[in-house]
Amino acid sequence: MESDASTSPRRRSTSCYSDSGDSSCSEPFSECGSDDLSFTPAAAVGIHRLLLSCAAEASEDAISSLVAELESPSQSLDSLRRAAMELRLLAKHNPDNRVRIAAAGGVRPLVKLLSHGDPLLQEHGVTALLNLSICDDNKAMIIEAGAIRPLVHALKSAASPAARENAACALLRLSQLDGAAAAAIGRAGAIPLLVSLLETGGARGKKDAATALYALCSGARENRQRAVEAGAVRPLLDLMSDPESGMVDKAAYVLHSLVGSGEGRAAAVEEGGIPVLVEMVEVGSSRQKEIATLSLLQICEDNAVYRTMVAREGAIPPLVALSQSSSARPKLKTKAESLIEMLRQPRSPSLRARPTAVVAAE
């Protein structure tokens, strides 16, 4: 096929965008960050036996005793910290312990710890709930215990970065229960906080935020608008443009979820997303080429102005190469051919005169 688009003036990158080393087209989201409990060398020696014991199954009586300690109003702060840490470790290391802790009534006292004034106790509570939420059967119980709003509050104002990151991860896991859970988390105010973590967090925080945003926006359509209004598009595009971030794939998938709405498409265009996506089609990994093509298809569908902008950005040559690639999946080739055909549709003189106009279309 011949090109009918002018060469774009943007500087082409010669590096592959891949941040995972995986050229497959499966989603790039693994589970969120783990419970990374660390100690000073002196403290580590003191709790070595505890760690070993927590790796094994705990008796129902032992777990019930720990839960009772959390519920007792007469316990000292040190006793509460120890009981919460033991439950955290028991839930981290053994799947059966997660079931036993929930069955012993451990969820509600752990939720109460999220509002405690002691930062370490709050971190143990957040992370114990994160570990319990690994068990699918516990997710509904955690939500019914009223954990969503306290977790959102911890995401916003917990003293330790670990507690904030683990709160994001716990919310991600709870959002996987169903669409109602994802919508409830969005209504509780989690999305602007996750966008902030995406912008300013450390490497793990950014990855957890992107994974949580993807789950929330995929699980409940109303969350897409919340993410757009919270300014998610700009940091996503920045991460997509930076191969060193290790976040290109994740950010591209979150953006694809957002451009499923008219507001998301308009924001992507206004923030300069078309050049980023076209370059990804040209030089990205196989998975990135596919998700960028799908995003461009959504942007161009039912909007002639956007089609003009994409064509003028030089999208047709890399799309032709993709459609003719022997290594591309047949489904991707079909999508690329559909987008090429869309971009070659006649454009009215009025559209040629307004290549930078932005018109949202659902």
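If you go along the chain as it appears here, the first residue is 1 and each next one adds 1.
Cβ coordinates are placed from backbone N, Cα and C, and glycine is handled just like the others.
Here is what TrEMBL records for this protein:
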- 14-27: compositional bias 'Low complexity' (COMPBIAS)
- 65-345: domain 'U-box' (DOMAIN)
- 1-27: region 'Disordered' (REGION)
- 61-105: repeat 'ARM' (REPEAT)
- 105-147: repeat 'ARM' (REPEAT)
- 231-273: repeat 'ARM' (REPEAT)
Grouping DSSP H, G, I as helix and E, B as strand, the residues of the repeat 'ARM' (231-273) number 32 helix, 0 strand, 11 coil
The DSSP breakdown of the repeat 'ARM' (105-147) into helix, strand and coil residues is 30 helix, 0 strand, 13 coil
